[in-house]
């Protein structure tokens, strides 16, 4: 599977009361990867929501990933995204199998990206590139890092952190394969606007 396009990431608080409707609206507009991100301890709700997302993703032909929970990913037969505090990728790869999509947060570090690649990552994620509500204290990345990564890392590159339709185009131009977006997509007032934004993000890869 070619990993290129919009990488939508859910936020349970942002999507409260409109979770599945807004996610389906994004899928309608076109999503390469969908990450279920929920940091709560409510395991039953997380399983229920992840199962609902899996059904939607199957309908739209989108790959689902679970944030920071390889066991839940294995239970559902989907991929996982791991941060730097979640341990090495090797156990997750052993648990999920060779075909699973496994992503790794690399902040602004080419060294972390090289390590992730050696451990079997499917893609690496750099960021934050702009001010981010979700990760305000994350190390800053820039297009110079992106260009270096493009030359050195032989994996798809995701970019994250405050990405909107107003600032995403230069990231694609400098080598980003995946635009990882939360508020810039799901912060829309209506499902129709979510779909419009998804299509507009994808259009950046067609030009």
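The backbone N, Cα and C atoms fix where each Cβ goes, glycine too.
Quick caveat, the model's predicted, so the values are computed rather than measured.
Per Swiss-Prot, the feature 4-amino-2-methyl-5-(diphosphooxymethyl)pyrimidine binding site maps to 35, 36, 37, 38, 39, 67, 105, 135; the stated evidence is sequence analysis. Annotated Mg(2+) binding site per Swiss-Prot: 68, 86, in sequence order.
This view paints the features noted in Swiss-Prot onto the structure.
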| residue | record | DSSP class |
| --- | --- | --- |
| 35 | 4-amino-2-methyl-5-(diphosphooxymethyl)pyrimidine binding site | strand |
| 67 | 4-amino-2-methyl-5-(diphosphooxymethyl)pyrimidine binding site | strand |
| 86 | Mg(2+) binding site | coil |
| 105 | 4-amino-2-methyl-5-(diphosphooxymethyl)pyrimidine binding site | strand |
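Close to residue 38 (4-amino-2-methyl-5-(diphosphooxymethyl)pyrimidine binding site) in the fold, though at least 6 residues off in sequence, lie 10, 12, 45, 46, 49, 67, each with a CB less than 8 Å from its CB.
For residue 37 (4-amino-2-methyl-5-(diphosphooxymethyl)pyrimidine binding site) paired with residue 68 (Mg(2+) binding site), the C-alpha to C-alpha distance reads 8 Å. Counting other C-beta atoms within 10 Å of each candidate's C-beta, the binding-site residues 37, 39 are led by 37. Using a 10 Å radius centred on the Cβ of residue 35 (4-amino-2-methyl-5-(diphosphooxymethyl)pyrimidine binding site) and all shown protein chains, the other Cβ atoms total 25. Residue 36 (4-amino-2-methyl-5-(diphosphooxymethyl)pyrimidine binding site): 26 other CB atoms within 10 A of its CB, across all protein chains. Neighbour counts were taken at the CB atom with a 10 A radius for the binding-site residues 67, 105; the maximum falls on 105.
Within its own chain, residue 68 (Mg(2+) binding site) has 39, 80, 81, 82, 83, 86 as residues 6 or more apart in sequence whose C-beta sits under 8 angstroms from its own.
Counting every protein chain shown, the Cβ of residue 86 (Mg(2+) binding site) has 17 other Cβ atoms within 10 Å.
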